[in-house]
Amino acid sequence: MSDTRPLALLLMGPTAAGKTDLAIALRERLGGELISVDSAMIYRGMDIGTAKPSAQELARAPHRLIDIRDPAETYSAAEFRDDALAEMRDISSQGRTPILVGGTMMYIKRLIDGVASLPARDPALREALNARAESEGLVALHRELSRVDPVAAETIHPHNRQRLLRALEVYQLTGRALGELWAEQARETFPWRLVSIALAPNARHVLHARIAERFDSMLAAGFRDEVAALQARGDLHRGLPAIRCVGYRQMWEHLRGETDAATMRERGLAATRQLAKRQLTWLRGWEGVHWIDSDASDAHEQVLKIVRGSST
């Protein structure tokens, strides 16, 4: 029996793989509309360090779910799921194809798998956990999470304060692991026929070279001034998800006089390479993904062939 669900394309890949360029080309070939799946591009005023599409690119191919939050605000995977589904329904209702593009794997997982029913935040408990984070350090709390919820600990970086504290909060409120609660939720059939593409260079050294080239281009384009403007606001701090974004955290520390320029660059590159490694690890475990070499001159033709084949 043929699948009658509307088509949606999911274009994933590590940072600096070239997803934006391919997505714009596919939008024109498929008659689609782009939806950003990037937890950094949601923030207004954070353009250079997030490699946000340029004004010219956005005029040619608008991206939904870009510039939807102030850097002082938070945005959960559950909120992303609600927003993305609404955008996908709107695009499909116009007879066009939703093209989701980005590398925030937690957003993608929550979009497809759904969001577990979790207890509401407990202000008193969160305050206590924040105090422990300050006194004991995030690494110590991550070790604790590894003992009580190894599944969640595997997916949460030790320095991702927001997600780390939330996982511990859920465990202390329910006595159950996040992974257990996720596994219990009923998985509904996703309303779209989803074609999943992973874009990445075949060689790691090629990706690392691109990461370095892009980081240096950001510095030349005024990344330092962009972060300085964020600091000058006075209401932002390094505990916020926006300021913890790769590159922003390292530049923030540099502007506070904690590191010199060379150290900032070295740490920024290291953090970006670590992010790319985590993204690739996650993608290798993704069921049914089609891998495309980002260096292939016919990458968009390969994707179109995969899409056409998925409908038969």
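Including glycine, each Cβ sits where the backbone N, Cα and C put it.
The shown structure was predicted, so the numbers you read here are calculated from the model rather than taken from an experiment.
The region 'Interaction with substrate tRNA' annotation in Swiss-Prot falls on one of the ranges 38-41, 82-85, 86-89, 286-289, namely 38-41.
Between the listed ranges 202-207, 244-249, 280-285, Swiss-Prot ties the annotation region 'Interaction with substrate tRNA' to 244-249.
Looking at the stretches 117-121, 162-166, 222-226, 257-261, the one that Swiss-Prot records under the feature region 'Interaction with substrate tRNA' is 162-166. Outside the region 'Interaction with substrate tRNA' (162-166), and at least 6 residues removed from its termini, the chain residues within Cβ reach (under 8 Å) are 74, 106, 121, 126, 129-130, 133, 138, 141-142, 145, 156, 241. Cβ packing within 10 Å was compared across the recorded positions Thr15, Thr20, Thr104, and the lowest neighbour count falls to Thr104. If you look at the region 'Interaction with substrate tRNA' (38-41), the same-chain residues 6 or more away from its ends with a CB under 8 A from one of its CBs are 49-50, 52, 63, 65-67, 75, 80, 102-104, 106-107, 241-242, 245-246, 248. On a Cα basis, Arg126 (site 'Interaction with substrate tRNA') lies 32 Å away from Thr15 (ATP binding site).
The region 'Interaction with substrate tRNA' (38-41) scores a mean pLDDT of 98 in the predicted structure. Under the DSSP three-state reduction, Thr20 (ATP binding site) is assigned to helix.
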